[in-house]
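Feature annotations, courtesy of TrEMBL:
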BINDING   B:GLY153, B:VAL154, B:SER155, B:ARG156, B:SER157, B:GLY158, B:LYS159, B:THR160  ADP binding site
Number of protein chains: 2
Amino acid sequence: MKSTDVFFVSDRTGITAEALGSSLLSQFESVEFNKIHLSFIDTLDKAIDAVEQVNRASSKAGSPVLVFSTQINHEFRVMMSKSDCVFFDFFDTFISKMERSLELKSSHTAGRLHGLSHNSNYTDRISSINFALGSDDGLGAKSYENADLILIGVSRSGKTPSCLFMALQYGINAANYPLIEQDLDNTRLPESLQPYKHKLFGLTINPIRLQKIRDERRSNSNYASLKQCQNEVKRAEDLYHTNHIPFIDTTQTSIEEISAKIINKLSLR
Amino acid sequence: MKSTDVFFVSDRTGITAEALGSSLLSQFESVEFNKIHLSFIDTLDKAIDAVEQVNRASSKAGSPVLVFSTQINHEFRVMMSKSDCVFFDFFDTFISKMERSLELKSSHTAGRLHGLSHNSNYTDRISSINFALGSDDGLGAKSYENADLILIGVSRSGKTPSCLFMALQYGINAANYPLIEQDLDNTRLPESLQPYKHKLFGLTINPIRLQKIRDERRSNSNYASLKQCQNEVKRAEDLYHTNHIPFIDTTQTSIEEISAKIINKLSLR
């Protein structure tokens with residue numbers, strides 16, 4: 001398998017450089033990419049060191065390595081662009097076109113945003129994390145009033161990671177309600193959820209996958225038996241259908257996609 | 001204040017488009033950007049609708065709006081590029097240069113990665129989230145053995161959000177240890193942490209900010225008094241200094257930056 005070094009270079013966290021870089025790299029499945037992260041390159045010494053690392057890697061490989069950069073500092077960016085690499089400049093490539101379009105000069109300041117997308121501020125996100133953790137601890141009904149949405153699903157269907165991701169990424173207050181046996185005895189919505197039907201979103205999962213996940217937690221238990229998993233999943237889906245609750249299958253879906261799809265469906269942005 | 005509509009268009013979650021787009025927009029502080037998210041544009045109908053939304057916005061504004069796109073589907077991308085907008089193509093701009101450099105054709109497949117950077121796979125990240133939550137529930141010492149790092153700090157200094165972010169973003173097992181009164185009575189490291197000194201990273205925070213955060217939790221308590229906050233923070237910092245534990249001030253730092261700096265410092269990638 002062809003393999004090559006790839007550097008992600010940034011003044012700050014490098015999250016944006018890696019996000020776009022990795023998306024682009026994923027278009028070349030037949031190559032193995034060895035990823036090197038050069039974050040917080042914000043002094044001349046560090047910039048010189050970064051250029052040397054890149055030059056060494058290219059020299060060792062016998063051909064120029066790839067460099068994905070979100071570096072904003074002009075001097076450091078130029079240094080890297082002149083090194084022995086194929087340089088992908090995520091900043092400079094677009095900034096001049098933006099300046100022309102907006103008829104303004106850019107401020108060329110590093111780190112105003114930290115790469116991750118958030119229209120909500122820091123305090124909102126922290127408070128949403130605390131909200132998700134509180135809901136997870138069984139605060140339950142008390143939190144539904146203030147929830148932006150309530151995820152429902154059987155145990156281990158992916159509620160908690162999704163709630164946490166929505167909090168961290170978007171500052172959204174996502175509560176969760178675990179569907180237990182007695183909730184699934186009929187297709188009536190549990191009493192505490194009934195006032196919040198418009199906030200509900202269901203998760204489902206392939207029973208075989210669920211069985212594997214549960215087995216890692218409580219091996220050979222009834223809880224982790226395939227029969228139990230099949231039964232719970234089927235009844236949860238019946239509940240969603242009967243009550244017209246939108247739902248998503250988490251089996252093959254990343255946390256990012258689950259979250260983005262739910263937010264999209266409930267028009268939460 | 002000048003204001004303009006900005007569209008983020010993607011076949012998938014739109015997280016990458018927003019990450020890079022927002023970084024670029026943050027370079028123009030004097031403009032108010034009204035952000036519109038068009039995610040999961042993966043059918044002809046949705047693509048037509050997206051183009052119409054963009055055209056309407058430009059027509060209403062009297063000048064072309066901005067479109068940041070990570071769309072991979074060739075047909076939909078061309079449609080958008082011909083609409084009435086200033087088009088920033090995060091995919092096509094770089095992919096040809098990559099094809100030449102790698103001497104390969106790209107697969108033009110949407111959503112192999114979902115924007116967020118993760119060298120770790122889905123299962124790793126979920127398991128790291130469970131690890132962080134378990135550590136948070138006081139599993140404590142039991143979890144330190146398997147931890148990639150252990151965050152220490154006084155109550156509400158930012159340990160939990162940072163641990164969760166490192167789990168979600170990087171699949172890193174981050175445990176946390178809250179420094180309580182009795183830990184701070186002297187500058188000796190708490191017993192249970194001593195075998196893991198190389199894994200420790202400290203958090204500190206401005207006492208006035210800490211006081212505000214604590215006051216929201218337990219108003220007018222001794223816990224939330226400025227004197228108590230000053231005292232705890234000072235003694236925590238003494239502990240870090242005496243034991244040569246690296247630490248970071250979380251007061252003005254985003255969760256992304258805290259996490260990336262710690263990972264950088266402990267060389268965890």
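All residue numbers here begin at 1 and follow the chain in the order shown.
Every residue, even glycine, has its Cβ placed from backbone N, Cα and C.
Since the structure is predicted, the reported quantities are computational estimates derived from the model, not experimental observations.
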C-beta crowding around B:VAL154 (ADP binding site), within 10 angstroms: 27
ADP site shell beyond B:GLY153, B:VAL154, B:SER155, B:ARG156, B:SER157, B:GLY158, B:LYS159, B:THR160, criterion: Cβ within 8 Å of Cβ centroid: B:ASN176, B:PRO178, B:LEU203, B:ILE205
Neighbour tally for B:LYS159 (ADP binding site), based on other Cβ positions within 10 Å of its Cβ: 28
Listed binding-site residues (B:GLY153, B:SER155, B:LYS159, B:THR160) that sit near chain A [CB under 8 A]: B:THR160
Cβ neighbour count within 10 Å of B:GLY158 (ADP binding site): 23
Number of Cβ atoms other than its own within 10 Å, given for B:SER155 (ADP binding site): 15
Neighbourhood of B:ARG156 (ADP binding site) by C-beta distance under 8 A, where only residues 6 or more apart in the same chain count: B:ILE205, B:LEU210, B:ILE213, B:ARG214, B:ARG217
Conformational class of B:VAL154 (ADP binding site) under the three-state DSSP mapping: strand
B:SER157, B:THR160 as binding-site residues, winner by CB count within 10 A: B:SER157
Nonlocal neighbours by CB distance (under 8 Å) for B:GLY153 (ADP binding site), same chain, sequence gap 6 or more: B:LYS159, B:ASN176, B:PRO178, B:LEU179, B:GLY202, B:LEU203, B:THR204, B:ILE205, B:ALA236
